[in-house]
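Presented below is the structure to which this report refers.
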């Protein structure tokens, strides 16, 4: 029941459709378990929009960057723990029970967040959701893989990835749908409990993984499931293959022994250099600052309205969905390494361009006018502005960055003309908007905002076909078969930890370095990732496991064409 390593191609998708049509039970198993991917994607996308309204409801969140970062990133911290616990639970209690527990955690987390009277309770809800996400990310693909016919296994497993992307897009749609509803963010996070409840109900009627049943000596139950999945003439052959595979698995050494053995093996160690490099680089190019904070970034670019920020972010999410789906069909036509390097060049260019655009928004921010500020009364003017020694140098950006208590009220005639720097209170905000002015607390009025949105779209388009898709493929191909689980697990942990670091520090970096400096910093991280990929990651396309192993054993030297150059061949050429 071992899964393949290649991505499904067009022929396999046609075969999957034909087999599923003939045996609907297979698709029922795959889609029911795949809802875990939908939950994963929904959680990734929903917090980006909900955060805007959480800030509106809780002033402590609006004024304290670390609280915003914690609300976002605690789900990732929970997912790291959930993935580790999920791996143990999968073996001890089975795939089905692990999915059911993940659903309960996700449902409880959604309810806790929905009813939260204070930020600390939202954080607890996010941790619970993260635990569920981590368990689902480990278990759903495993269940699908072990309950699918071998000939369409990779295609069905890929549905989990499609549902993750679909969940992200769905989250942005739901965020936009509830912008005018009473409770806004509570509906956004609370509705996440619905698919968890649906999956829980569906999984109650589904069987355990046949592989786990065989592993725990429940042979009759396993055979009954295999008979539903395979045609009668293939059942006996699959049973023999399954028995052989489990016997080999039982003969293997324990996890920690295998971990020690893996690190002592030069082939595995070089594979880990490559696998960890691509997973860490995938996060440090900044993809999840876009996914978690996209509406906030749009607001930093001058679109003050929450609804407008969400609507523009939907473009980015849609491009991510389309690009990811297209890349799944075409990624196997191109060399892995070359595709990542081209993708990284596109990412770096987009990040530098974003940095330039944010610098321009800073330079061209509307000035602050004393007359405009005093128009609302001296007591309404921001105290930092009144105490400034050189108010002539103040502009909108100076105002919104001066303290957490200052906001910019745009000019009533033209938002690009000098405006007012006011204290942040509900009454003063109401006075500003009553005069049909725009209230800015994050970014400033700018003509460059639309270019930021376009560049975010280009960034996603550059990211998805290369750094979005290829790292997981590389990690499925780079390790010797015996060490695939250990190697892939270590690389996955590095990805989660990198994700946590990036999401927990982004808004702080914005405060310290500004939008301009932060995106330039991520361009620098991306350049380092590009260099690391160039020197550490070999090409694996079209190679058998044995060929990859031999290549890593010999070592390789990169050349200017981004192709592998085995060290042994290099010596011969001399």
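Don't overthink the numbers, they just go from 1 along the chain as shown.
Each residue, glycine too, has its Cβ placed from N, Cα and C.
Automated prediction, rather than curation, is the source of TrEMBL annotations.
It is 338-358, from the ranges 338-358, 359-379, 380-400, that TrEMBL records as transmembrane segment.
TrEMBL tags one of the stretches 284-304, 410-430 as transmembrane segment, and that stretch is 284-304. Packing against the transmembrane segment (448-474) from elsewhere in the chain are residues 5, 7, 274-275, 278-279, 281-282, 285, 287, 290, 294, 297-298, 301-303, 312, 315-316, 319-320, 323-324, 326-328, 330-331, 336, 339-344, 346-347, 349-351, 353-354, 357-358, 360-361, 364, 495, 537, 540: each is 6 or more residues past its ends and has a CB under 8 Å from a CB in it. With respect to Cβ pairs under 8 Å, the transmembrane segment (310-331) is most closely packed against 29-54, considering the stretches 29-54, 100-118, 184-206, 338-358. With respect to Cβ pairs under 8 Å, the transmembrane segment (486-510) is most closely packed against 66-88, considering the stretches 29-54, 66-88, 338-358, 516-537. When pLDDT is averaged over the domain 'Major facilitator superfamily (MFS) profile' (29-541), the result is 87.
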